[in-house]
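Everything on this sheet refers to the single structure shown next.
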């Protein structure tokens with residue numbers, strides 16, 4: 001038989017393939033990435049970059065702050081890590097704010113708060129003044145860490161959501177005040193650029209503004225067919241009838257978070273329980289392996305390795321930041337090709353080896369009275385490698401994964417739980433690192449982190465299903481059971497292939513009808 005035949009729910013459908021033209025085959029071409037969604041995601045990522053700027057700058061500035069303000073090691077630990085705890089206020093507030101005024105204006109609020117905090121830090125004349133600036137900046141960072149990934153996940157097409165949502169991970173001797181105060185610059189560009197961005201289509205539909213949501217989806221989807229599919233899925237998730245085509249409808253609103261916390265903690269379904277476990281786990285382990293200690297205290301690690309010059313330590317710290325940036329860019333291109341799960345397993349498994357090797361090299365250096373060149377070289381290599389391996393997996397995927405797996409009605413508040421766990425864990429790790437390695441040794445501290453990374457590997461392997469290429473509304477089918485996940489994933493793949501086949505059949509019929517006319 002000539003022609004194309006597909007099975008659609010047991011019904012055999014044939015389409016004549018005679019007189020095929022080039023146009024008949026164009027439907028199978030892979031659509032190009034949507035440039036408008038790409039631009040919106042880049043702008044939104046500036047919000048999360050605020051934290052990257054603070055971490056990167058603080059790791060170098062702390063060398064000069066300690067000497068200038070004459071502060072102790074304990075005060076250094078508190079100054080570096082306390083911002084993570086201040087983030088909790090911003091993250092909690094941002095969840096409800098984004099459901100109230102929208103994702104877009106919440107990003108503007110984040111930029112404004114961080115701008116004020118950065119200026120306060122830049123003009124600080126003593127430790128107390130500096131801590132006030134950290135408090136304000138921390139609230140702004142908390143806002144940003146929640147809303148930027150949520151917005152990007154909701155505006156991006158499924159085919160490139162991982163690519164676009166991994167940009168937020170990207171993170172001079174004019175004085176440390178200029179180094180910290182310069183953090184206000186990205187917030188200015190963010191506040192201006194946000195005015196050109198559309199609102200999240202999912203938030204618009206939650207408000208019943210279907211006409212505006214359809215316009216945004218048309219602009220941010222790879223194809224018109226995908227835009228219609230996304231609109232249909234979001235309407236179903238929001239409880240709006242499929243045949244409703246009005247530009248505005250009345251919906252049963254929960255825009256201020258009413259009932260969400262009860263559904264998350266008091267009466268969670270098996271799906272929500274699984275999603276919460278994955279969100280809390282991935283954010284906890286992302287920070288508990290101690291990567292923030294490597295980045296923030298890299299000058300001290302290099303000092304322990306035998307690098308004593310301040311200029312050389314700062315140069316080595318810059319190399320750490322460069323390594324992180326390069327491998328985050330690598331990760332952005334792998335997330336939607338390889339998938340989240342393989343990269344997480346590679347990253348966490350690699351961190352076990354690297355952290356254990358770093359602990360070994362620092363132990364050798366600490367127990368020797370002579371300068372051991374090979375151990376110093378191994379230590380520096382492991383510091384750079386840890387940042388690189390973390391950045392291709394655990395770094396960006398924690399944010400991508402936790403914002404894409406929550407159901408629409410729970411997404412903002414659910415994502416805030418992940419931010420809270422992430423920042424509390426980061427705060428504890430960064431505020432205790434100096435005390436930890438003084439209580440044991442710096443080598444044993446990294447052996448401890450290696451053990452945590454090993455537990456993380458088994459957690460990811462057991463609990464986290466693959467979400468690559470799934471729409472945000474398809475996610476619920478992947479969660480709720482540890483057994484049978486692969487079968488569910490295969491079922492979704494078969495369903496998607498059948499939909500694509502039906503779409504090609506319809507186009508073929510249309511082309512045949514046009515020729516007959």
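Each Cβ is built from the backbone N, Cα and C atoms, and glycine gets one as well.
Looking at 36-64, 210-238, the range tied to transmembrane segment in TrEMBL is 36-64.
Residues 107-129 are the range that TrEMBL records as transmembrane segment, among 107-129, 245-267. Looking at the stretches 270-291, 292-313, 314-335, the one that TrEMBL records under the feature transmembrane segment is 314-335. Looking at 6-25, 446-465, the range annotated in TrEMBL as transmembrane segment turns out to be 446-465.
Summed and averaged per residue, pLDDT over the domain 'Major facilitator superfamily (MFS) profile' (40-468) gives 81. Of the two recorded stretches, the transmembrane segment (76-95) lies close to the transmembrane segment (135-153), with three or more CB pairs under 8 Å once pairs fewer than 6 apart in sequence are set aside. By the Cβ criterion (under 8 Å, sequence separation of 6 or more), the transmembrane segment (342-366) is not in contact with the transmembrane segment (107-129), since fewer than 3 such pairs are found.
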